[in-house]
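Enquirer: Mind having a look at this structure? Questions to follow.
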Amino acid sequence: MQCLLAAIRVRMGRLPITLCLTFLAMATVTFGVAPKKAVDVPFGRNYFPTWAFDHIKYLNGGSEVHLVLDKYTGTGFQSKGSYLFGHFSMHIKMVPGDSAGTVTAFYLSSQSSSIHDEIDFEFLGNRTGQPYILQTNVFTGGKGNREQRINLWFDPSKDYHSYSVLWNMYQIVFFVDDVPIRVFKNSKDIGVKFPFNQPMKIYSSLWNADDWATRGGLEKTNWAKAPFVASYRGFHVDGCEASVNAKFCETQGKRWWDQKEFQDLDAQQYKRLKWVRQRYTIYNYCTDRVRFPVPPPECRRDRDI
């Protein structure tokens, strides 16, 4: 406003007024922004082991956790709470070297079996020298079959990277180090179910899936390379905690992820998403005409076709 008043006082020339009005116009535009950074907290604050307790190793007071897979068993953990919307992230360093046949999973899942909702990251192991494959999927109302696969543009076993899901009433966005790799919009208006009334728990696990994980099961797990280890940090949870039977979030509309700037990606984020799709996508259910002769209705809204 001070800029506008100053410009009005200028009697000659249009440049100051033009600049100031342009500034004001820009100030009224809301842009999509990256989710808030997660806060590092110990594992036990928000999570607990669910199986094969002796295959989870705790380091640095629980600020770092290793999941161990051998020929006898894998292991996993889950969140203490259930959440209805929020931002859910984890820093993970994948199994190094020859990890073919192994799967490291990080996902959200509802407790209902018949009308199941789920949001998945699955990291498919590789033979040494081959890229890790990241598979994502979204289940709504018991329906999945929405697989997308990308090659990561870095070696995820060399260092920790952030993998996160932003879930609100408007969209689900998958991020890798703040780069959006997938968007699933709320398309209820065109008949596509969207997870909005079933709280989900957060899960992660390391397990053997050599019947399908690497080259469709052609590459088997080399147990001579065991044990396989996936490393975790960053156990902060930023979500609306709810009981399993809750149908809504009591603070709906008041949390940071509900605000306008998180209801869509901005132009720069869509540009980065396009970069991922053009360079690194190796499978997208939306373009699979064998499985789906007619593209599913959400694909166009999600900009997958």
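A Cβ is built for glycine as well, from the same backbone N, Cα and C atoms used for every other residue.
Just so you know, TrEMBL annotations never went through curation; they're auto-generated.
Pasting the feature list from TrEMBL:
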| type | residues | note |
| --- | --- | --- |
| DOMAIN | 34-232 | domain 'GH16' |
| ACT_SITE | GLU118 | active site, nucleophile |
| ACT_SITE | GLU122 | active site, proton donor |
| CARBOHYD | ASN126 | N-linked glycosylation site |
Enquirer: Once the chains shown are all counted, how many other Cβ atoms turn up within 10 Å of the Cβ of the residue listed as 'N-linked glycosylation site'?
Expert: 25
Enquirer: What Cα-Cα separation, expressed in whole Å, is found between ASN126 (N-linked glycosylation site) and the residue listed as 'active site, nucleophile'?
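Expert: Their Cα atoms are separated by 25 Å.
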Enquirer: Around GLU122 (active site, proton donor), how many other C-beta atoms are within 10 angstroms of its C-beta?
Expert: 19
Enquirer: In the predicted model, what is the mean pLDDT computed over the domain 'GH16' (34-232)?
Expert: 95
